[in-house]
């Protein structure tokens, strides 16, 4: 029997690092890059295998087959470029002022290692600012015996003035900015530590121990009455011997704070709020957010804007892409110029055009414009501003008006369809897919696109219960259930729809 052959193990410690460096060199040289990352107006080329291995965001996009990935424009392009370089090198240089931007970009790309590191950087930067200011060193009195400490606590609790429950709680007094932001501070919590600077020099060497205690204990003590009992441990009140609690209670009685908002906060809370900016500067008193009323109704006390003219007005005299200040245009916020010389508008009687009653036309949106009724005769003065491409005025007894697109010469009998079609030519795509970040000019296009991600068959046939992903497919299917048929007069072939018959008749040779 032959002896067992020797097995040699080859292990290169820096092989993975050198491989990434080689890939990074290929990326910088533009070799073998198979994916493009776009951020705002900038773009960069990279290898899809590296991006998918380092970022779940890129992996999800690449699994959908995208060769061009758009990063949401919430962070600067340079920050995303740094994170892509981090995937190749494993090193990242973060300045103190840029930590929040890098954290935001890493959260979008879902790079967990960078998220953890930036979170620690921000936490270390805010740790000195959130703690209470260091008091001046004072002589520390000798610790009291447990019996003396209990006697002192009973004396302080009995001498606490009525109407100020919880004023002797030193742990709550250290958290005015964290606990009192939504509402004005109470006398006990706001004036406790900063009532008298000369009395706040008591030693407070616990550091962050009180800050690290859970808020559940504080909430529980608030519900029970706010004061400590006899069974609590002595270390909870290390400042009793220095008279800190009595001074805090007296200062709370002498100077009750006025509910002046952010001006009552002091120490670290004031520094934190001053650095973040006053809330009054950001949101004035008259500000009411649009999401307070889900139904879109204006809340009481909110100033309302003057309603704009509800009629469909298309202006073609302005240059393309120019938006004028003031209230938004009723139909769509863009202006298209005709490719050729503008057609002269038909003559119209002088004077302002009569506006329809407000109850007939609601406030219009780009996708919800009212359609022209076939039996309705518009006012003669509204004809010059109805369409920029020389739409003919309608006279009684004539054919329904047609709206012709000045770009592709496509005609429409409905003003609603014409408006939606003109919005496509504007180049604006305000509707964006939340999965692949593709943008669409109309909401209908976005809804049709979302079926590719969800696969939901929301349209069902009422006759045979067959389901379809698109409404157009359902409409085509419903033709098979119609009892009437359109026969061909030449060959006798039967069709379910007249459009199919007309197409078939066009194929017949002329007699």
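Backbone N, Cα and C atoms are what each Cβ position is placed from, and that goes for glycine too.
Remember, it's a predicted structure, so these values are computed and weren't measured experimentally.
Copied from Swiss-Prot, the annotated features are:
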- 159-168: compositional bias 'Low complexity' (COMPBIAS)
- 206-224: compositional bias 'Acidic residues' (COMPBIAS)
- 339-360: compositional bias 'Pro residues' (COMPBIAS)
- 378-397: compositional bias 'Low complexity' (COMPBIAS)
- 33-96: domain 'BTB' (DOMAIN)
- 159-241: region 'Disordered' (REGION)
- 294-403: region 'Disordered' (REGION)
- 403-425: zinc finger (ZN_FING)
- 431-453: zinc finger (ZN_FING)
- 459-481: zinc finger (ZN_FING)
- 486-508: zinc finger (ZN_FING)
Which residues, given as numbers and ranges, are at least 6 beyond the ends of the zinc finger (486-508) yet have a Cβ under 8 Å from it?
-> 479-480
Under an 8 Å Cβ to Cβ limit, what residues of the same chain, 6 or more beyond the ends of the zinc finger (431-453), are close to it?
-> 61, 64, 66, 70, 72, 367, 420, 423-424, 469-470
Mean of pLDDT values spanning the domain 'BTB' (33-96) = 90
Per-state residue totals over the domain 'BTB' (33-96) - DSSP helix, strand, coil = 29 helix, 14 strand, 21 coil
So how many of the residues in the zinc finger (431-453) end up helix, strand or coil by DSSP?
-> 11 helix, 4 strand, 8 coil
Secondary structure composition of the zinc finger (403-425) [DSSP: H/G/I, E/B, coil] = 11 helix, 4 strand, 8 coil
